[in-house]
Amino acid sequence: MPQSPRSAPGLLLLQALVSLVSLALVAPARLQPALWPFPRSVQMFPRLLYISAEDFSIDHSPNSTAGPSCSLLQEAFRRYYNYVFGFYKRHHGPARFRAEPQLQKLLVSITLESECESFPSLSSDETYSLLVQEPVAVLKANSVWGALRGLETFSQLVYQDSFGTFTINESSIADSPRFPHRGILIDTSRHFLPVKTILKTLDAMAFNKFNVLHWHIVDDQSFPYQSTTFPELSNKGSYSLSHVYTPNDVRMVLEYARLRGIRVIPEFDTPGHTQSWGKGQKNLLTPCYNQKTKTQVFGPVDPTVNTTYAFFNTFFKEISSVFPDQFIHLGGDEVEFQCWASNPNIQGFMKRKGFGSDFRRLESFYIKKILEIISSLKKNSIVWQEVFDDKVELQPGTVVEVWKSEHYSYELKQVTGSGFPAILSAPWYLDLISYGQDWKNYYKVEPLNFEGSEKQKQLVIGGEACLWGEFVDATNLTPRLWPRASAVGERLWSPKTVTDLENAYKRLAVHRCRMVSRGIAAQPLYTGYCNYENKI
């Protein structure tokens, strides 16, 4: 039958469309995806694979030591499918065409003990490898913790164009963190943070491969932790009875963090920063004197009476059972000695002990007893640097957190030279805000830039970005943290050689938009826009 003249243009149009599709299949690939933090080894290949939201799946490899019974991975598979495709599957019909080559599946293989039911620890293995090739990508990890990090990397490799088409480069990635301790400090005493805000922070931490939530849960201002052993601590020490973290709240935070490979380390700072404790626990704090007259003012914890240590023995026994991590942060910073000096009972105790007028020896006496309590509970301790500076007799393995910005490199040298593990937070106090792109200052920090042997540098187990809460609550915590903390995240994860600021800016700008698309209200780096700003 002769071809109708009216059908010829339609045929030409179809041929043109086929040609365009063919061109698309051989178009130059994106060889620089915005991976954050940047992996240890990345090989990107020019070949693009197309991904269909309707056909793609994330599954367990048949030879994996984890399987469908591993709820941690099952939940992660669902979560990362949604991160990659968003609401595409619910709001779009079938794909307009099936382009080839295509990636059909991501198989996840755990090669050693899966640790599906465990909580992460300082020694958790976060190593993974990722091979993306047609038709199946393979993610291998020794444990679920590495698999979680690899899933995040995979999700960052997938690109959606303006037509809604999903693609990924064939690639090979081998990755592991530079430091095992990569933390974010939140402060829930100066301002109470609702549980949903903490959970949102844990999500953002996972997007940036942080693995420690340092929960500075109580301080002078309020005591929101609801103790089952000493309920009056929060009944009288919290801002209000609705500004507390119940046992169920704490369990929710712990499990939410576990599912994202994040440890939760609680901090109960003593003997200073304890005004809220005294409201619910009589005779715990030191009465201050004006000459020989007792005032209504109280100072640090009273270190001279046995009831103090009996209380803390019981209290920390509860804490050690509630929080599964091997570490408890004991604080020990900024202890004011004036009240101790004014109290005649303290003066008499120091005289009997032969301490003279050196209140650092009294502080050391107290801290040593608290460290012994923690050790008796089969836990390890973290302390702020003043505890080390004031010559407290520390137990082997006590971790010292270096937070004072002056001469922190020298402090790291001293701490590690004495054989103690160290955490660096001094250059990463994110509550100190300034105009402009201050993330660059955080990014340029080199944690191991101090004089010391290789053995000393191996004692630096990582660092933390700290966001103290004097001027931060649920309304501004997220944009103040992100993406500024992302700079710290890359410094603690990526190899030492990853330092190119221009490249980092390009990747971080995309990563910031990616966080916005996932519901994280991360503030902008500079001028520009995101395609997903309506998601916030």
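Including glycine, each Cβ sits where the backbone N, Cα and C put it.
Features as listed in Swiss-Prot:
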- 1-31: signal peptide (SIGNAL)
- N63: N-linked glycosylation site (CARBOHYD)
- C70-C116: disulfide bond (DISULFID)
- N169: N-linked glycosylation site (CARBOHYD)
- C288-C339: disulfide bond (DISULFID)
- N306: N-linked glycosylation site (CARBOHYD)
- E334: active site, proton donor (ACT_SITE)
- C513-C530: disulfide bond (DISULFID)
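All features noted in Swiss-Prot, drawn onto the structure.
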residue: N63; record: N-linked glycosylation site; contacts (Cβ under 8 Å, 6+ apart): S109
residue: C70; record: disulfide bond; contacts (Cβ under 8 Å, 6+ apart): H60, S114, C116, V144
residue: C288; record: disulfide bond; contacts (Cβ under 8 Å, 6+ apart): K294, T295, V297, F298, G299, Q338, C339, S342, N343
residue: N306; record: N-linked glycosylation site; contacts (Cβ under 8 Å, 6+ apart): none
residue: E334; record: active site, proton donor; contacts (Cβ under 8 Å, 6+ apart): G272, H273, E386
residue: C513; record: disulfide bond; contacts (Cβ under 8 Å, 6+ apart): C530, N531, Y532
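Under DSSP, C530 (disulfide bond) is assigned to coil, being neither helix nor strand in the three-state scheme. Note on C530 (disulfide bond): other Cβ atoms within 10 Å of its Cβ, all shown chains, come to 18. Classification of E334 (active site, proton donor) by DSSP places it in coil, neither helical nor stranded. Ranking the disulfide-bonded residues C116, C339 by how many other Cβ atoms lie within 10 angstroms of each Cβ puts C116 at the bottom.
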